[in-house]
Amino acid sequence: MDEADRQLLRRCRVRLVRELQVASLWDVLLSRQLFTPAMIEDIQHAGSGSRSDQVRQLVIDLETRGSQALPLFISCLEDTDQDVLASFLRMSRQEEKQNPEAVRPLNLRPVQLWPAKLRPEVLRPEVPRPVDNCSDVLGCVGAQEISKQNPDLAYALNADPCGHCLIINNVNFCLESRLTARTGSNIDCEKLQRRFRLLHFTVEVKCDLMAKQMVQALVELARRDHSGLDCCVVVVLSHGCQASHRQFPGAVYGTDGCLVSIEKIVNIFNGASCPSLGGKPKLFFIQACGGEQKDHGFEVACASPEDRTSGSDPESDAVLFQEGPGPFDQPDAVSSLPTPSDIFVSYSTFPGFVSWRDTRRGSWYVETLDGVFEQWAHSEDLQTLLLRVANAVSQKGIYKQIPGCFNFLRKKLFFKM
């Protein structure tokens, strides 16, 4: 979808939320192949499932459906007798096509291109800088364009889809494991499924896998041909614990109560096992406890009252540390780490500590990650996004939690928007 259509949709969002009769659209949207059945289902379950939440999500997803998405959508409105809205959108689109000046983003001042009048600060659009809102268009454009203009500084995510995203969501565990059901994890899974689809990934979800099935699913993903893709994402939502390690700390549980180490998960995708991902970013997001310690935090001057999650029902994904053969877990023993390139592992919590999950809203980590990506992924690189996540999560709750990461990327990573 081009910028003019995108801006038109955003300006009309309030009216669409007020007037669009979305219930009559599903069959037509499917028949026109504007959305897949899975995407329709995601839209129907957006937010509280209300009509207004469905419309808001539909408008967001519509922006990702290609250059003809808006004309097709207008035709769908006409097919469902929503002629007033269809006419309004069609006429507005025609006016903007005839008058390109009308689609200039708000607050974007035209720049005079006579060399004698250029000022030095105008000549730096390629440098990404944090922006506080999308109206700072030069900041947005600079961050987005750096991957094309500076291939030595940022990964090129030009393929569409960018790559595969596998989400392993373990909720229900066998009785012998003595692990409780992870209520609220499905909320996390739905958020991440929708988020990575919007970031142009092909998303696959596998639920309630035993440890061997988890490894099998990861190996199958690593053995695929990624030569035409630019990135790969693995998300694991499960119980976790400390584990003896040499490289990456921690382990996650299969539904049978058996452990799979984070180290093993990451190494399945190294250069030897997955050559078609060589030189390409491999991202791992782990929502699981790193141990059983509960962090009470320390007192600071300004704690936000709303971050105490009053009325919430938090659970942890903690399981007692089970020591295996070999030395104890040593998070500080970084001298033994190799230098795996193009790998980024994001942990929901610091090694040794619990990771909190609200049974009604999902985990603190995933809820915050989803919100930060929605607001800032258009303009900031992955590491900056994760700093925002760490800062926001660290301010939540009575017990404390702070996410962290192992970053072996060679360049900055900006998601494809």
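Cβ atoms are placed via backbone N, Cα and C, with glycine included.
Record features (TrEMBL):
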| type | residues | note |
| --- | --- | --- |
| DOMAIN | 1-92 | domain 'CARD' |
| DOMAIN | 161-293 | domain 'Caspase family p20' |
| ACT_SITE | His239 | active site |
| ACT_SITE | Cys289 | active site |
| DOMAIN | 333-397 | domain 'Caspase family p10' |
What is the three-state DSSP composition of the domain 'Caspase family p20' (161-293), stated as helix, strand and coil residue counts? 39 helix, 36 strand, 58 coil
Within the domain 'CARD' (1-92), how many residues are helix, strand or coil going by DSSP? 66 helix, 0 strand, 26 coil
Taking the Cβ of His239 (active site) as the centre, count every other Cβ atom within 10 Å, in any protein chain shown. 25
